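Feature list (source: TrEMBL):
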- 1-16: compositional bias 'Polar residues' (COMPBIAS)
- 1-29: region 'Disordered' (REGION)
- 17-29: compositional bias 'Basic and acidic residues' (COMPBIAS)
- 39-93: domain 'HTH cro/C1-type' (DOMAIN)
């Protein structure tokens, strides 16, 4: 039994069991459906492409695409820029 570190192996087993028992589903917050629709609607009202809108708020077109597809993690600064550029209220009532 030389060379085995009993203390290390037992704590590893405990940590593994804790992880196995962990049921909380950890996921990033995503763009809500209402927000995606609001961005798309406001952009189309202004007859803008995703690229044009991205240029207006000084972000990459991919950012707009991610927001409209619901894959982006909501960023209040970007949402604020979108609201100003589109002249529309995108966030919930304050």
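Using N, Cα and C of the backbone, Cβ positions are placed for all residues, glycine too.
In the predicted structure, the domain 'HTH cro/C1-type' (39-93) carries a mean pLDDT of 93. Remark: secondary structure over the domain 'HTH cro/C1-type' (39-93) totals 34 helix, 0 strand, 21 coil, with classes taken from DSSP.
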